[in-house]
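Quick look at what TrEMBL annotates:
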ACT_SITE  CYS116  active site, nucleophile
BINDING   ASP17, ASP45, ASP63  S-adenosyl-L-methionine binding site
DOMAIN    1-177  domain 'SAM-dependent MTase RsmB/NOP-type'
Amino acid sequence: MHATNDLCFAGLVFAVDVNRGRLRILKETAKLHQVDGVVTTVHADLCVLTDGEALKSNKVLLDAPCSGLGVLSKRADLRWNRKLEDMEELKKLQDELLDAAAKLVKPGGVLVYSTCSIDPEENEERVAAFLLRHAEFRIDPVDRFVPPDFVTDSGFYFSNPVKHSLDGSFAARLVRAS
């Protein structure tokens, strides 16, 4: 008898994206890590996908398109290519995607909203606006999942490039009422 590194998976991952290239990279990465049997990619616009009767999930991660202000050290071009109108459109898209992702969450389930931005307009303000539109959700503080240095006063995850010597990022854990 020999030991194996097989893992037992208790669920499936459905990855939805409008960008075929990102889905291709995800498929390749899943295969490399031998989890391709668990990950199903779906080429679709999330906002259109959730218009009908949506598949409900216990956990939904929305890794939202953002300004990338948390990764400027790697993408210096971003600081020169952003306009105010672009930011307004981006915030509108983030709100639309949050609303669409919320339709996928089962009662008692979790929605994680994540960006690689340090801009409060894309982070805390998007979550606050979302909670005004969706009273069935509440913030579930992340303090039991991450070190205290990464937890904001509101219970969100936040990494600051200067303070933490990491890329800047944000995540909010939101729970739907049962």
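Placed from the backbone N, Cα and C atoms, the Cβ positions cover glycine too.
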Largest separation between Cα atoms (Å) of residues that the record links to S-adenosyl-L-methionine, namely ASP17, ASP45, ASP63: 14
Spatial neighbours of ASP17 (S-adenosyl-L-methionine binding site) that are distant in sequence (at least 6 apart) but have CB under 8 A: LEU23, LEU26, THR41, VAL42, HIS43, ALA44
Integer average pLDDT (0 to 100) for the domain 'SAM-dependent MTase RsmB/NOP-type' (1-177): 87
Local Cβ density at the residue listed as 'active site, nucleophile' - other Cβ atoms counted within 10 Å: 21
Rounded Cα separation (Å) that holds between the residue listed as 'active site, nucleophile' and ASP63 (S-adenosyl-L-methionine binding site): 9
Check: same-chain CB within 8 A of S-adenosyl-L-methionine site center, minus ASP17, ASP45, ASP63: ALA15, VAL16, VAL18, ASN19, ARG22, LEU46, PRO65, LEU97
Neighbouring C-beta atoms (10 Å sphere around the C-beta of ASP63 (S-adenosyl-L-methionine binding site)): 16
